[in-house]
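Undergrad: Structure incoming, see below.
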Amino acid sequence: MASKISRLVNTSSRVPLQRHLQRTSRNYRTSLSLNSSSRPAPSFPCVEAHAVRESKILQSSVGNSKKDPSTSGPEPAYSWPTPQEYKTYNHSTPFNLVYGGTLPSFDIAYEIWGTLSPSKDNVILLHTGLSASSHAASNELHPAEGWWEKFIGPGKALDTNQFFVICTNVLGGCYGSTGPSSVNPATKTHYGTDFPILSIFDMVRAQFLLLDHLGIEKLYASVGSSMGGMQSLAAGWLHPERVGKIVSISGTARTTPGSIAMRFAQRSVLMADPNWKNGFYYDGLPPHTGMKLARQIATITYRSGPEWDQRFGRKIRPQLTDGEPVQSPALCPDFLIETYLDHQGEQFCLKYDANSLIYISKAMDLFDMTETALEGLDLSPPDSASSVVSSEGSRMMTSHSKSHPPPPNPPAHLDDLAAGLRPLAHVPILILGVQSDILFPVEQQREVADALRMAGNNMVRYYELGGVWGHDTFLLDVQNVGGAIRGFLS
């Protein structure tokens, strides 16, 4: 039967079939031609925007490439604060770093709020996140609102009627402190990637040199969020005798692989930008496209999926052609969440130095306060802390209460972390975690609290916050974050 059908197709139907195929092909070509002529050529405004930005940068930097780098800064200039808007501490002697290398000198930009008491015992050192400047709140030198404006001032969480608040731009930054964009005094050109690898401990050590310069022997409190939460713990570890209280919000004592992976992705797209040039781009175009993409990745980690659902859902932005709405999707941002990420990247790509992002995010990845890691860095606890640890060793593993029992399934490294945190055994500490945080998941803050209690610290307060703001909760939840800080510091 099959062979009979085959013969029919191959003989009697051959000519009609060929004619049918010819008509179909002719009709398809005609249809394609009509559709092509009526359909506009595809456009990619999101790609064209990169070229427009690059053209503007080139135009603005004409004639600047031969300027003295010590006066011109990166080309083009980032939107950095001016030196008149912050104070500067200059450390003029060599500064050895944890991972090797030496800075012959360095500057630390800092700002202040409140009044220093006669005995200098009311000082709060505020630590920043990765990309923040020293401008945490408005002040006389810089009246614009700061990144923690609602938390600093009279009657606020950091009450300037009571406390003298200091915030620095970290070592490695680009907002007044020495970093890769600074001029190397040995070469008279920008450091670029000749800048040595940094650690969180280096940043804190530089801050304490500033405190020494100001004659401040002891802090009332060390306060920080995100990377600042790491610095706050490191400050107490390095100088337990000089830190009265510690506040660590959405931070960690041991960076996890998940957080490392997110920051690695950011560095990868940044370093893949051909304008990065292995970090030596200061006399030409900065890697603005890589910075934009890195910021988009970062923004995803700063917030949460439930918030995206509430704010944007699957809404699509209005698309107009000759004043009429168009429903067909495009290959550039259509969804409101896409336009939001695009805007965030666009706002950031020329406001921060790419090398600073690379160096500081790497320092976050390297942070590990387990005893094994600290010994590997040849970092040992201060002598005073060591004596406390030896005399209080019997208290290890006994500081949990009925309301805070030991974790049922502790990670393998928890004992090692507890041993590393023993210098903090007698410092009151507030740990805040956020349940919707995907960058520093709440398990990391629970782990810090558990390790501190295992190390013998009976003065640990631990709270978990709800809400949908994710990692950025420390910037947005004034009532709960601010209330917890105010109560702990009082």
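Backbone N, Cα and C atoms are what each Cβ position is placed from, and that goes for glycine too.
Pasting the feature list from TrEMBL:
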- 23-42: region 'Disordered' (REGION)
- 24-40: compositional bias 'Polar residues' (COMPBIAS)
- 57-83: region 'Disordered' (REGION)
- 122-451: domain 'AB hydrolase-1' (DOMAIN)
- SER226: active site, nucleophile (ACT_SITE)
- 378-413: region 'Disordered' (REGION)
- 378-394: compositional bias 'Low complexity' (COMPBIAS)
- ASP437: active site (ACT_SITE)
- HIS471: active site (ACT_SITE)
Undergrad: Relative to the Cβ of HIS471 (active site), which residues of the same chain, six or more apart in sequence, are found under 8 Å away?
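TA: Sequence-distant Cβ neighbours: SER226, SER250, THR301, TYR302, ARG303, VAL434, ASP437, ILE438, LEU439, PHE440.
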Undergrad: Across the domain 'AB hydrolase-1' (122-451), what does the pLDDT come to on average, as a whole number?
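TA: Within the domain 'AB hydrolase-1' (122-451), the model's average pLDDT equals 91.
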Undergrad: At a 10 Å cut-off from the C-beta of the residue listed as 'active site, nucleophile', count the other C-beta atoms across all protein chains.
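TA: Excluding its own Cβ, the residue listed as 'active site, nucleophile' sees 27 Cβ atoms within 10 Å.
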Undergrad: Within 10 angstroms of the C-beta of ASP437 (active site), what count of other C-beta atoms is obtained when all protein chains are considered?
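TA: Taking all protein chains shown, ASP437 (active site) has 26 Cβ neighbours within 10 Å.
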